[in-house]
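*Asks:* Below is one structure. I have some questions about it.
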Amino acid sequence: MSWLFGLNKGQQGPPSVPGFPEPPSPPGGSGDGGDKNKPKDKWSNFDPTGLERAAKAARELDQSRHAKEALNLAKVQEETLQLEQQSKIKEYEAAVEQLKNEQIRVQAEERRKTLNEETKQHQARAQYQDKLARQRYEDQLRQQQLQNEENLRRQEESVQKQEAMRKATVEHEMELRHKNEMLRIEAEARARAKVERENADIIRENIRLKAAEHRQTVLESIKTAGTVFGEGFRAFISDWDKVTATVAGLSLLAVGIYTAKNATGVAGRYIEARLGKPSLVRDTSRFTVAEAVKHPVKISKRLLSKIQDALEGVILSPKLEERVRDIAIATRNTKANKGLYRNILMYGPPGTGKTLFAKKLAMHSGMDYAIMTGGDVAPMGREGVTAMHKVFDWAGTSKRGLLLFVDEADAFLRKRSTEKISEDLRATLNAFLYRTGEQSNKFMLVLASNQPEQFDWAINDRIDEIVHFDLPGLEERERLVRLYFDKYVLQPASEGKQRLKVAQFDYGKKCSDLAQLTEGMSGREISKLGVAWQAAAYASEDGILNEAMIDARVADAIRQHQQKMEWLKAEGKENAAKESGKNPLQPLLEGTPV
């Protein structure tokens, strides 16, 4: 509306309104349009009332006192419209720019797709060309291989032909040479035969002369040798001094050989009895010359060691401890007074301290000890008798007295009436009975067995005292647990030299609890528990033995002990079943005293 109030004079006229028609052309215009393009027809329906109302409203607005405000309002509206138009133009321009950018992006995308497609086409073309090249190369290799094979075949055929020709040539040459050789040999044989026929009388004469000369030479040699030997023997016989000296020399030579042979045997047996160790002896406190040279410090300590307590390190029940202490005191006094030693039988379950007490008894009494096992006797066969005599001969040479400890004695000291014993073992048993028939002041016999009822009756007759080693009770088990816990755990941990530490818990209470849990276990099984605790600590990551690890090892040991007991019960049932099928008179026929 600004043009209506005379504003924006420098601008163009009002814009054309689409709803209003164009003004009529002047009458002098061209009449090409005909009658239907006349102004009369075009403006015949025009209504000017609208323009009149607009003009009237403009006059009223000019005359109004609010004309200035209306003018300002119109200006503001015009500016607002212009700003809206400019914003629309900017939006249009932004849309155009966006469209251009979109077109550029689309073109770039199309170009990228085109490049990708071209790249794919190039790659496909390159792959196809490479495939063709590979095929051509493979075909060339195949052709070359076929050609090489053909050349090789031809070469082989040529070589075979040459070899055949060479072989034929050599065969022909050998055949010709053979023919020539046969002809030469035939000619030589004919010539030799002709010469021999012509010289037959001369050859026979030469042979006759050579034989006569050889016979004459042999006869002269025999005559000369007989004359020499005859004169020498005659001269020897005629000189009685030479005859006497010769006989004496031969006699002395025979006596020297016999004496040296027997003296060597006697000296060897003496050295073996004094210095050697019998093959049946597994362990002994007596030392040989070789051991003294090899371990001088150990032997010196043993010689300078003081007499130990017989029950040091041995944990037994009070009643049994009192009895074995009496045995130790009696044995020591017997040695001091040079009396006769008493033979002892110790029986009981395995691992109850029989072997340990035997060693302690020997040390307490100031005696030497020797340990042999019954299982070593049976495999020796016929050598068992000799080996048994060597053991007792060796025992009799001890100046300090010898405690001979036979572990698992029931392995060879069985009843002689049973059919299971062999003749060699029976002879060895008889030798043992012969050497132990009387009391001795040289050695003390200590037998250990888990099944003393299998002993021959003569063995029982040679036993002076029987000691039963039973499984440890609650108090003894607690002492054993404390002993081995201190030996295998606390002492290595306190020394600090080994990778072993102990966690903080009540050791005394734990040992008491373990003693209650280990009911029925032997001392050896409890000692193995101590070793198991030490091994568990070494196997841990930090080397610390805690209470849980101890309980785990104890539970495992209890489970193993129960399994062993089940096996023992099953074995007892089998033996009972076998015993029930025996002859009821068999016990009356077994063994008689010797």
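A Cβ is built for glycine as well, from the same backbone N, Cα and C atoms used for every other residue.
Got these off Swiss-Prot a minute ago, pasting:
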- 1-50: region 'Disordered' (REGION)
- 1-242: topological domain 'Mitochondrial intermembrane' (TOPO_DOM)
- 33-44: compositional bias 'Basic and acidic residues' (COMPBIAS)
- 243-260: transmembrane segment (TRANSMEM)
- 261-594: topological domain 'Mitochondrial matrix' (TOPO_DOM)
- GLY348, PRO349, PRO350, GLY351, THR352, GLY353, LYS354, THR355: ATP binding site (BINDING)
- 571-594: region 'Disordered' (REGION)
- 571-581: compositional bias 'Basic and acidic residues' (COMPBIAS)
*Asks:* Between the binding-site residues THR352, THR355, where is the Cβ count within 10 Å the lowest?
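*Replies:* Lowest Cβ count within 10 Å among the binding-site residues (THR352, THR355) is THR355.
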*Asks:* Which of the three DSSP states, helix, strand or coil, fits LYS354 (ATP binding site)?
*Replies:* helix
*Asks:* Hey, which of the binding-site residues GLY348, PRO349 is the loneliest by Cβ count within 10 Å?
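*Replies:* Output over binding-site residues GLY348, PRO349: least Cβ neighbours within 10 Å is PRO349.
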*Asks:* Check each residue in the chain of LYS354 (ATP binding site) that is at least six apart in sequence and keep those whose C-beta is under 8 Å from its C-beta; list them in sequence order.
*Replies:* MET346, GLY348, ASP407, ALA448, PHE469
*Asks:* Which one, from the binding-site residues PRO350, GLY351, GLY353, has the smallest tally of other C-beta atoms lying within 10 Å of its C-beta?
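*Replies:* It is PRO350 that, of the binding-site residues PRO350, GLY351, GLY353, has the fewest other Cβ atoms within 10 Å.
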*Asks:* Determine, from DSSP, whether GLY348 (ATP binding site) sits in helix, strand or coil.
*Replies:* coil
*Asks:* Determine, for the ATP site, the additional residues of the same chain whose CB lies within 8 Å of the mean position of the CB atoms of GLY348, PRO349, PRO350, GLY351, THR352, GLY353, LYS354, THR355; present them in sequence order.
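*Replies:* Result: ALA448, PHE469, SER522, GLY523, ARG524.
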*Asks:* Average the per-residue pLDDT over the topological domain 'Mitochondrial matrix' (261-594) and send me the rounded value.
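*Replies:* For the topological domain 'Mitochondrial matrix' (261-594), the model's average pLDDT rounds to 81.
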